[in-house]
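Feature list (source: Swiss-Prot):
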BINDING   13, 74, 75, 104, 105, 106, 107  ATP binding site
BINDING   23, 24, 25, 26, 27, 156, 187, 188, 189, 215, 216, 217  ADP binding site
BINDING   105  Mg(2+) binding site
BINDING   127, 128, 129, 164, 171, 172, 173, 224, 246, 252, 253, 254, 255  substrate binding site
ACT_SITE  129  active site, proton acceptor
């Protein structure tokens, strides 16, 4: 089948670099002579037929912007077979031959459903959590880690002044990669993630020893999926009242801001790759990057698997924090 018209949407939680990916899809599509359409507000916009033509001007000056110019939304209706069929019918009525979906796990499930209804689909990993399997990194992850590291640097300054410990809660319900990479990069004394069991007695004892040996601060980075920051602080105080931990929940600040060059480049490569693969006749595929090489994986395979945690990196962080 010859691809003539493609559409792009962003779905689920936004991530820095989504705009760079949209830009790449549009510019690459136009370069290859395709008609390119944008879908506003993800799958909700698809069901509302909120679809518009995109040209070079529509993606001008967006590569450096956070968020998503196409906007995003949750859509309960699309989770139903009737909603999925409606979405596929709208795309066919519009004559759209291919769809590029940018988002996380839920977005991949949606793309997978559409592919089973005969829509040519490509999925790009747009999520700060870095929890998509079959790709080393997701769009937005590098920027989020940079934001967390910057926050920890600032917290370390003030904690050192008062000889206190700091509990930094970061995003990551099921995947602790933000905590892991930011913790390692910032020299955190403790990293708590959902993938690795932890002993609060050991953590409290190590923190006490650090202060006893002259350390002026202690940083604990905890992924939200491993435990509430306030709860971690409470447990530490129960074991040692002198620790005086202060809790900082970084929240949605981790999703905003200008994407790093790494995220812009990753998004640009993946967006262009998705278009070229659609033209080549591929469908129902997830685009990713492994060892700096662009790869295609069946969406079916991705949505039914869990990303492997990098224990080697976790053990390195533990060794360096002694």
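First residue shown is number 1, and so on along the chain.
Glycine is treated like the rest: Cβ placed from N, Cα and C.
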Distance [Cα-Cα, Å, rounded] between residue 255 (substrate binding site) and residue 13 (ATP binding site): 8
Around the Cβ of residue 127 (substrate binding site), the count of other Cβ atoms that are within 10 Å: 27
Binding-site residues near residue 105 (ATP binding site), in sequence order, restricted to 127, 171, 187, 246 and a 10 Å Cα cut-off: 127
Closest of 23, 27, 173, 189 to residue 107 (ATP binding site), Cα positions, binding-site residues only: 173
Among 75, 171, 253, the one of these binding-site residues whose Cβ has the fewest neighbouring Cβ atoms within 10 Å: 253
Local Cβ density at residue 13 (ATP binding site) - other Cβ atoms counted within 10 Å: 20
Using Cα positions only, nearest of the binding-site residues to residue 104 (ATP binding site) (187, 189, 253): 253
